[in-house]
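The next block holds one structure in the form of structure tokens; read it before the comments.
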């Protein structure tokens with residue numbers, strides 16, 4: 001059984017065991033009577049067996065999602081706006097005007113083209129000011145990447161820093177500053193506090209009259225830590241100002257939380273490390289256009305009384321299986337399923353194989369040979385934004401989750 005069909009089967013079985021009217025969205029009308037019969041025959045044995053089966057089913061689902069256990073997010077878990085916007089761009093939701101990503105975010109075509117998983121990491125709040133020259137301000141950030149699975153190959157990584165427009169002043173028109181990003185090769189020596197051995201990863205000269213996020217390539221450092229298993233001593237960020245006094249330094253590049261800033265506000269403006277990786281399963285992230293998918297399915301909706309093989313609606317609601325506490329988006333999705341007769345002779349629109357045509361022909365003269373079956377012939381992926389077991393936000397592409405076409409096979 002292909003992974004997509006396994007996924008649908010397990011979800012349906014979970015709903016049968018859970019029972020109740022609240023789960024009707026996952027059970028087609030034609031199957032409700034059968035569900036009632038199963039529940040009736042189960043009797044007193046249902047409770048214990050159901051819980052045991054549910055555990056097995058959930059374990060199977062979590063394994064398919066690449067998780068070792070059911071995530072239980074803490075109340076302090078934060079979903080970065082960047083990850084929400086990236087999900088909307090990747091899934092095609094940016095076509096809806098009211099959900100346009102903020103800040104003019106552009107979809108990262110190049111890093112996403114080699115990845116099926118995007119992960120975000122906030123620094124460990126272990127912020128160290130690094131003493132430097134009078135015109136510089138430098139900070140060290142430590143990111144814990146231990147939650148990245150061993151089978152996930154990182155292809156690229158970026159550090160995102162938020163900077164605010166500097167108030168106008170005498171040097172406003174010619175005001176520039178340079179942001180340097182370093183990998184810390186060795187931690188501060190005890191004999192020389194604050195002194196770091198670093199290597200430059202990326203640098204940018206920016207004008208201070210714009211409020212925006214800046215993205216820096218830190219792939220060499222993250223690849224050393226994950227692929228080569230080298231020690232992770234963090235990143236150093238240095239901001240060099242050319243036309244400001246020491247009192248104005250670092251105030252517009254958000255590297256640390258101010259005393260007057262609330263925790264909620266700071267959470268959305270903290271430095272963010274984003275990794276792009278691939279676990280070897282399925283295809284890379286690709287932007288999808290929702291409008292095209294909707295138009296594609298309109299012809300099948302008109303044939304409501306047709307009993308022949310076709311696609312039927314099947315909405316999977318993650319709240320029905322108690323997963324809405326860790327799955328951020330989507331709240332559910334239209335999985336669809338295939339059902340119907342494969343009559344003789346098979347017409348071209350049944351999308352049949354030569355073998356199915358021969359099998360149907362033989363069935364017409366010998367009923368002991370079964371008819372061809374109505375099955376999915378085309379499947380597509382969905383993207384999920386969720387919190388993993390370590391409260392890290394993950395955007396992942398899951399293959400073969402949506403039935404796009406049915407046929408007799």
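The backbone N, Cα and C atoms fix where each Cβ goes, glycine too.
These come from Swiss-Prot:
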type	residues	note
SIGNAL	1-19	signal peptide
MOD_RES	91	phosphoserine
REGION	91-110	region 'Disordered'
CARBOHYD	144	N-linked glycosylation site
CARBOHYD	209	N-linked glycosylation site
DISULFID	309-374	disulfide bond
DISULFID	338-406	disulfide bond
DISULFID	342-408	disulfide bond
CARBOHYD	351	N-linked glycosylation site
CARBOHYD	366	N-linked glycosylation site
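Relative to residue 406 (disulfide bond), the recorded positions with Cα atoms inside 10 Å are 351, the candidates having been 91, 144, 342, 351.
Each residue contributes its Cα atom, and for residue 374 (disulfide bond) and residue 408 (disulfide bond) those atoms are 5 Å apart. Across the structure, residue 408 (disulfide bond) and residue 91 (phosphoserine) place their CA atoms 30 angstrom apart. Shown in sequence order, 121, 124 are the residues of the chain, 6+ apart in sequence, with a C-beta less than 8 angstroms from the C-beta of residue 144 (N-linked glycosylation site). Nearest by CA distance to residue 309 (disulfide bond), out of the recorded positions 91, 338, 351, 366, is 338. Nearest neighbour of residue 351 (N-linked glycosylation site) by Cα distance, taken over the recorded positions 209, 338, 342, 366: 342. Residue 91 (phosphoserine) and residue 338 (disulfide bond) have their C-alpha atoms 24 Å apart, to the nearest angstrom. Straight-line distance linking the Cα atoms of residue 366 (N-linked glycosylation site) and residue 209 (N-linked glycosylation site), rounded to a whole number, equals 80 Å. Spacing of residue 338 (disulfide bond) relative to residue 209 (N-linked glycosylation site) is 57 Å (Cα to Cα, whole number). Residue 342 (disulfide bond) and residue 209 (N-linked glycosylation site) have their C-alpha atoms 66 Å apart, to the nearest angstrom. Under DSSP, the residue listed as 'phosphoserine' is assigned to a helix (H, G or I) in the three-state scheme.
It is 91 that, of the recorded positions 91, 209, 351, 366, has its Cβ surrounded by the most other Cβ atoms within 10 Å. For the disulfide-bonded residues 374, 406, the greatest number of Cβ atoms within 10 Å around a candidate Cβ is found at 406.
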